[in-house]
């Protein structure tokens, strides 16, 4: 098995085209933990994970990207959030029976692809495109064409290696403010499209690039680790409780004696008792530990 859960950037200087290659296994597995998703939903989350990793690698600033599918199908929501440090988390919501072998359109139904870019400093940007493509890669290419106006191709694969979940993908994109020739970009895209799933999952990045582009000059940069990391915390939950009306909190406390909050992403469980609520109302941060 190749070195998994790593992202590699590479560059074709003579063509003004950049590329990325990512493979993930453990990160995908951790996203699926604590959830009993049908197989097609697991696959889509793997594809979203790959896509989000590739997209966050295009950021030139500290921040995060959220890639979300929304629709009226049996999987009415699936989302992956990742930052420029390649820290990922994700979740899906299933509201109906998922047919075995369901494709993207069957899962999501009539829906949208929503991409939200949130810099640590600066304005948040959100782009929305209809799910007109048959695959997630096609929908993302449509997004780039409409919003960024940068020729972009994505190649996303999911499967198993030695009994372990594996997902991977590649991205090609014309560098901003560069005038790459269309024929050159299509030539590189045609080469990239020949990647075999087994090669992507099992070969080191430098060997994958050599097999695809051995007649081209390619600069491969140092890899970046991809990992699962949830940003939930007791403090964030307390902040959410501060936004609720006192009457609503009092009603829950009167009925249950405490407030339970669960993180959909990682399964962490937070409990707030009457003393905690009093501290929250006094703008103090409750110090009780989280309960897993």
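Here the Cβ of each residue, glycine as well, is placed from N, Cα and C on the backbone.
Swiss-Prot lists 230-232 (among others) with the feature disulfide bond, giving sequence analysis as the kind of evidence. For residue 232 (disulfide bond), the number of other Cβ atoms no farther than 10 Å from its own Cβ, over all displayed protein chains, is 18.
The feature disulfide bond is assigned by Swiss-Prot to 263-266 (among others). Long-range neighbours of residue 263 (disulfide bond) (same chain, six or more residues apart, CB within less than 8 Å of its CB): 230, 232, 269, 270.
The Cβ of residue 266 (disulfide bond) has 19 other Cβ atoms within 10 Å, all protein chains considered.
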